[in-house]
Amino acid sequence: KQHRYATNLPSNSGGGGKNILANNSPAAVGMSIAVDNIHEQQQQLQMQQQHQQQQHQQQNCMLKEMVNDRWRIIERLGSGTFGDVYRAVDIKCETQSVAVKRETHSHGKERTLSREKGYLLKLRSVTGIPAVHFYTKLNTYTLLVMDLLGPDLEELKSYCGGRFCLRTACILGLQMIVRLRALHSQLCLHRDIKPDNFLMGVGKTSNTLYIIDFGLAITYRMPNGQHNPMLKERSLVGTPRYCSLNAHNKAVFGLKYKEMGLSLDEAVQFLDYTLNLRYMDEPDYGHLCRLLGDIMRTNQWSYDMTQLDWYNI
């Protein structure tokens, strides 16, 4: 295919026209390099377009597909570093939907769905952990079928104007602490705690906070029961914006306790306790819950989940 800039180059065919590329003048060399660069950019663009088309075809090929002769994929919900997420319905009861995670196998890429499935099964008796319905590993991709949940906290915060009131934050915080205590009691460290990974349930569980995405999770004790040793020369794991302050050398990025509605004393108590935890210390979850409970009692707020911010818009 002729490059669209090629018509601007003088021709050497017929009529004895002089071709400036026929010599080694600086202008000729510069023109040659420019043309080569353009061709290289064209090839890269074509490769990117082909890759995007392949991805689009792979995503679309899943639509209307059956999973385990039971669930029909209806729509694509989103994507992440692991792959894509779809909504599927149970053909025996089309009012029941599930989430289907699809992870494409790539050379040199760590497969996270296998790890996630393992932790979800290990934690299946814990409140706020989505149930696994099916898992299969095929030649080119892996599928994980699990509970379909509601919106995540990042979406709900945006829906509520970019912030939660202190009452809603305390109620959600209490559920988060309970979830993390349950995970840690099973020797599981999530390692990617952030608003996007906390979702509300649907239907009868719409007021239950769920924790998802265990692709980075690890077991923090060795088979002999000893705590994993601290490795000082390790790259950051998880989402930098939401990593612990200790991971950021205790630099507090944009922390505005006044905008949170906390008094200075309340903010200091919570941060002071968490910042002074050492690597192998077990957090006092009860103490953290009491700090949030004290705020609720001081303000005489109820724990009525139907009064959370997103129900009052």
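Keep in mind that glycine also has a Cβ here, set from the backbone N, Cα and C atoms.
Curation plays no part in TrEMBL annotations; they are all automatic predictions.
These come from TrEMBL:
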type    : residues : note
BINDING : K101     : ATP binding site
DOMAIN  : 71-313   : domain 'Protein kinase'
As a test of reading the model: what is the averaged pLDDT for the domain 'Protein kinase' (71-313)?
84
Measure from the Cβ of the residue listed as 'ATP binding site' and count the other Cβ atoms within 10 Å, all protein chains considered.
24
